[in-house]
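Participant: Take a look at this one; I'll ask things after.
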């Protein structure tokens, strides 16, 4: 019997020894279990940790990551310390299930980003220590799990430029907020209004130039260096910031001071002066002054884009916004883009944009406005032969857009424009005269061989364009060009050719002299008369006169009716622009 009891005790001791990792200290003080594994050279969280552990300390090791399985089912864990390791990664939901955890210490690691899913499950967390890391970004919802329970938040000695201020503003139970030695340059207005239990706010050694006034600071004690303070009064530490001493910090100057160690960094006349020694009258601001307001182009065609610019100066730097001609405030959307430097881009203009845009510059000292005028040019409306408004025909406005026409449009207009007499260098194009369109000034032929009628619109007095038709064709293959003379024909052959040319020239000169001699000797012969005949045509480059055929010989045929009259153009394809022969 005694031997059986001894065996049971031995097996129990061995079982407990297996649950405690090597080189770790396991302390069992009923009903709690504490596991201490400091400076043991751990590379990861030991998998043999008792799942009923209440306090787990793994400080001064070489753990590089927190895995999802490391703290699985450890629902009794209350205090977790992972300080001074080399942790750079936290797996998503790595702390899920730790509903009893009250304190998490991860200072002195290599964390760079805190994502929203890395701290999930810590619904009862009260102390979060993340100081001495390399954190430069914290997602907005990272603290949402414990925003109502957190009491101590330490983010000191990181690379933070901003914080999830909206989440911090909801931490109504927080007592200590430590944000010193970061790169923070802005604090949202009203961030601390609801933090009535806040006892200590440490903003030492950041890049703050100003602090927003807050009702919570009315009874605050201001310190330039962290010191002990009573629990009943808020202590604000802001030493080591490049304070800009203007009217925005006048509220801080009126608070109770404890020493004269803090100085101003700007403006220039207050540089290096003790903050608390400056008179209240010297904390002044300058109203905004608009130095530049202009538009890239004052006249804008409807649908085009335009850029408006506005610059202003003042102390503090004024914020710039714009108002439409109807007085509405301009916001960023798919049509308008407003930049921080005061530039406004309108990507697509409408007729409602015609008028005066107002640039408004404002700061703590006042408001300044300036008007920028934009004149909208409406798109031309086409008129049919009945005098009623109609939509413009979808067509090409210039050569560069000719390739954008759809195949359906090409098929529709190809029946109205015909091509004939195709050669390697030219083609003759026929199209209707379009006499029913009033005021046609010319016909424009483009590289895609689409004929456009350009005329004056009767209502808007603007130039309108209508596609008469398009045609597609292929020219005939070009004949072979002259080949280069082989080298064997040069030399003596060239001398013979040159000599022949000289002899021929002498013979021609002799024949001319003989003809002149006979002409003078004939005396009184009939004078030869030249008779001009044949068709005369004029080359016109790129565009033709649609109203009349100038510089052409009038035909003796009877005139045709206007409805049946056709136009014709000869296109010389070797030219950079088409050369047209107008035949009416």
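Any Cβ shown, glycine's included, is placed from N, Cα and C.
Bear in mind that the values here come from a model prediction, so they are computed numbers and not experimental data.
Summarising the annotation, Swiss-Prot assigns signal peptide to 1-17. Annotation source Swiss-Prot lists domain 'LRRNT' at 18-51. Swiss-Prot lists 52-73 with the feature repeat 'LRR 1'. Marked as repeat 'LRR 2' by Swiss-Prot: 76-97. What Swiss-Prot lists as repeat 'LRR 3' is 100-121. Here Swiss-Prot flags 124-145 as repeat 'LRR 4'. Annotated repeat 'LRR 5' per Swiss-Prot: 149-170, in sequence order. For 173-194, the entry in Swiss-Prot reads repeat 'LRR 6'. Summarising the annotation, Swiss-Prot assigns repeat 'LRR 7' to 197-218. Look at Swiss-Prot and you will find 241-287 tagged as domain 'LRRCT'. Per Swiss-Prot, the feature region 'Disordered' maps to 393-414, 539-564. According to Swiss-Prot, the feature topological domain 'Cytoplasmic' maps to 516-584, an assignment based on sequence analysis.
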Participant: Is the repeat 'LRR 2' (76-97) packed against any residues at least 6 beyond its ends, judged by a Cβ distance under 8 Å, and which are they?
Facilitator: 51-68, 70, 103-112, 115, 117-122, 129
Participant: Tally the residues of the repeat 'LRR 5' (149-170) by DSSP class, grouping H, G and I as helix, E and B as strand, and everything else as coil.
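Facilitator: Split by secondary structure, the repeat 'LRR 5' (149-170) comes out as 4 helix, 3 strand, 15 coil.
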Participant: With Cβ-Cβ distances below 8 Å as the criterion, list the same-chain residues six or more beyond the ends of the repeat 'LRR 4' (124-145) that contact it, or say none.
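Facilitator: Sequence-remote neighbours of the repeat 'LRR 4' (124-145) are 83, 99-116, 118, 151-161, 163-164, 166-168, 171, 178.
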